[in-house]
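**Student:** Here's the feature list from TrEMBL:
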- 7-27: transmembrane segment (TRANSMEM)
- 33-50: transmembrane segment (TRANSMEM)
- 62-81: transmembrane segment (TRANSMEM)
- 93-113: transmembrane segment (TRANSMEM)
- 125-143: transmembrane segment (TRANSMEM)
- 149-167: transmembrane segment (TRANSMEM)
- 179-202: transmembrane segment (TRANSMEM)
- 222-239: transmembrane segment (TRANSMEM)
Amino acid sequence: MFGIQEARAALFPALFLFLLFISHYISFGLSRYDFLFAAAVAIQIIMVLFKLETLDEAKTIVLFHIIGLILEIYKTSPAIGSWSYPEPGFLKIAGVPLFSGFMYAAVGSYIAHAWKVMQLRLERYPSYTLSILVCALIYVNFFTNHFFYDIRLFLFAAIFALFYKTNVHFTVRKKEYRMPLVISFVLIAFFIWLAENIGTFYGAWQYPSQIHAWSAVSLQKITSWFLLVIICFIIVSYLKHYKSAHETKPLDLKS
């Protein structure tokens, strides 16, 4: 049952990963990057039409797409060059294919759907003001760490101070379990790192160390994905909080 629930929550990320794989071998009459964007949009429309995703969840996907695309444009700029997209495509902004934003949207999609499917409940969640401040600092540091001091260690300390008491409760077969929230962040980041290795292996994008021959993505990238997961989680949790606060029923972090 847990595996089925995870599969439901990870439906869009799994389909997107499959697209990265199949588009490496099969041409669909479009450039690979344009096909990936069109296919990702089509999947989102189908999920909404078949009520696999609510309109609010789809809006959240769009938000994460924008957040991710802005970061991609900066990180792939000639002055930074953290990674690159070697293949041609028409649907690009500043050389960044539009499909790339869906990689971040996939993370947000998983968290939003897991919240609903597993009936997530947060115990001893910190102040929303503080968590949003940390979220903003993490995002800003992704930009400033190239020309200013990288405050990643400070952010890790702040995250631990904020969330070390927080547990996430989830339901499987009507039985509730709990896990330290920080552990869930680490686990999600690890699986994203695995997915990133698949994406780079099939040439969807590449790091400088992979230009001449593929090699595994550095384990250090897990720390970046860990921070990104926290951004996504805080945004989703705040949107849940905001929606609940503006409904007539009492506040409840469950979907």
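A Cβ is built for glycine as well, from the same backbone N, Cα and C atoms used for every other residue.
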**Student:** Report, as numbers and ranges, which residues of the same chain sit near the transmembrane segment (33-50): CB under 8 Å and 6 or more residues beyond its ends.
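**Tutor:** Result: 11-12, 15-16, 19-20, 23, 58, 61, 85, 87-92, 97-99, 102, 105, 204.
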**Student:** Under 8 Å between C-beta atoms and at least six residues away from its ends: which parts of the chain pack against the transmembrane segment (93-113)?
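**Tutor:** Beyond its ends, the transmembrane segment (93-113) has Cβ neighbours at 8-13, 16, 33-34, 36-37, 40, 53, 57, 60-69, 71-73, 76-77, 85, 188, 192, 199, 205, 228-229, 232-233, 235-236.
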**Student:** Mind checking which residues of the chain, 6+ beyond the ends of the transmembrane segment (125-143), have their Cβ under 8 Å from one of its Cβ atoms?
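**Tutor:** Counting only partners 6 or more residues beyond its ends, the transmembrane segment (125-143) has Cβ contacts under 8 Å with 67, 71, 74-75, 150-152, 155, 158-159, 162-163, 166, 224, 227-228, 230-231, 234-235, 237-238, 241, 253.
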**Student:** So if I exclude everything within five residues of the ends of the transmembrane segment (222-239), which remaining residues of that chain have a CB under 8 angstroms from its CBs? That is, six or more out.
**Tutor:** 56, 60, 63-64, 67, 104, 107-108, 111-112, 115, 122, 125, 128, 131-132, 134-135, 138-139, 141-142, 152, 155-156, 159, 185-186, 188-190, 192-193, 196, 253
**Student:** In terms of Cβ proximity under 8 Å, which residues at least six beyond the ends of the transmembrane segment (7-27) contact it?
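**Tutor:** That would be 35-36, 39-40, 43-44, 47, 52-53, 61, 102-103, 105-107, 109-110, 113-114, 117-118, 195, 198-199, 202-204.
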**Student:** How about long-range neighbours of the transmembrane segment (62-81): same chain, 6 or more residues beyond its ends, C-beta under 8 Å?
**Tutor:** 93-96, 98, 100-105, 107-109, 139, 142-143, 146, 208, 231-232, 235
